[in-house]
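J.: Here it is: the structure, laid out below.
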Amino acid sequence: MDTVLMATTPPIRCLHASIPTVFRSPAIYQVSCRSSQLFSYRSTTMMSMCFLRRSDLRSRFLSTPKTTSPMRRPRFSVGASTEESSIPSNRNLIVANSVVIVALAVANRVLYKLALVPMKQYPFFMAQLTTFGYVLIYFTILYTRRRLGIVTNEMMDVPKWRFAIIGFLEALGVATGMAAAAMLPGPVIPILNQTYLVWQLLFALLILGRRFLLNQIAGCLLVAVGVVVAVSSGSGADTTLSGIGFLWPAVLVASAAFQAGASIIKEFVFNDAAKRLEGKSLDIFVVNSFGSGFQALFVFLLLPFLSNLKGIPFASLPSYLKDGAGCFFNTGAKISGCDGAPILPLLYISTNLAFNISLLHLVKISSAIVSSLTMMLSVPLAVYIMSKPLPYLPGGSSLSSNFTMGCIVLVLGLLLYNIPTTPTKQHTKTS
């Protein structure tokens, strides 16, 4: 749920979600199977015994009653294999969704760049339009699906305070990210943003109780390194953090942590709802609607701070938004330089909506980490496309050899993450 900050990576959605070749089918089968089994009552309670006994983070989200069956203390190891699931694999669906998401993510980044051609003076207006406009769209869809019986009363009864946490973390991530991006040189921002995947691994361990193989951890790190090398291949790639200090890089890393935490909590909501709904899956528009609604609420409370970060005095914000609306609809004789509106902005918004819905669906059927890896594949593809002459962007640019090297490292990381493994006898017994 996130698209306000386009300083480093194009918007995933305005403030909603700010993230990831298609995965090989054996790998996807492995990921999808593990996520379903890991959320059983037994695995959740077992992991809670061996990790963070004093302040169990997962117990703050779990509200289902504990089982009374005897519990065994598991042996925790980062290199241990996750339990295999007996649920049939939906890897074909994950592959199809991954392909769609890569295509939509590339289109999303390119169209955002094109949308800023007429809206180059009003990027903050675009951010607020998507933030608050998406709330109206999502709740309209949710209301329609509720009337059609697709969304049930049980789905609407899921705890709403979890969505409040999601919205708060995403809004806080946007605010801190904007503050840090204003103080940091451009080339270092995508590098620091790759800590997002590292935070996801950590929060999946703490909140979901998930265990990762060493090849999965190494694969995620390789993907992050590949993105850094590919994105930082431009003329300003030699810019370093020297002379910047520790504060603002730390703030940007914290911003990635907030958004990564929100993505993992979304995954937790889907898995916990499957137990509450007796095997039925939670409709994604319940999560999108309430998550976006709470995010918009917190963004509204932070508007004075956010507008000042963009150099817009809060007292001048109404007139700025009015001029932005005029440029968006390309009306008014006083507004110039808005050629391409409203077609280009509307193309971006419609693509961004489809992208956000598809991305959340991938989180639902696989995991937040799989969605992030899919997203990261789109980064070099989008950079390559935007280096070519485009309508309204005829210039184009050349890419260095580092770009190719970064893409190779990224693909190797994806392959390493998805290496199929054979469960040992011990792991089979614990399933």
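Backbone N, Cα and C define each Cβ position, glycine as well.
Per Swiss-Prot, the feature transit peptide maps to 1-79. The feature transmembrane segment is assigned by Swiss-Prot to 99-119, 122-142, 163-183, 188-208, 212-232, 244-264, 284-304, 343-363, 365-385, 403-423.
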J.: For the transmembrane segment (284-304) against the transmembrane segment (99-119), do we get 3 or more Cβ-Cβ pairs below 8 Å once near-sequence pairs (under 6 apart) are dropped?
T.: no
J.: Does the transmembrane segment (122-142) reach the transmembrane segment (343-363), going by 3 or more CB pairs under 8 Å (6 or more apart in sequence)?
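T.: In contact, yes.
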J.: Counting Cβ pairs under 8 Å to the transmembrane segment (99-119), which of 163-183, 212-232, 343-363, 403-423 comes out on top?
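T.: Looking only at 163-183, 212-232, 343-363, 403-423, the most contacts with the transmembrane segment (99-119) come from 343-363.
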J.: Given the transmembrane segment (188-208), which of the listed stretches 244-264, 343-363, 365-385, 403-423 has the most Cβ pairs that are under 8 Å apart from it?
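T.: The stretch I would name here is 244-264.
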J.: Return the stretch with the most CB pairs under 8 A relative to the transmembrane segment (163-183), choosing among 212-232, 244-264, 343-363, 365-385.
T.: 244-264
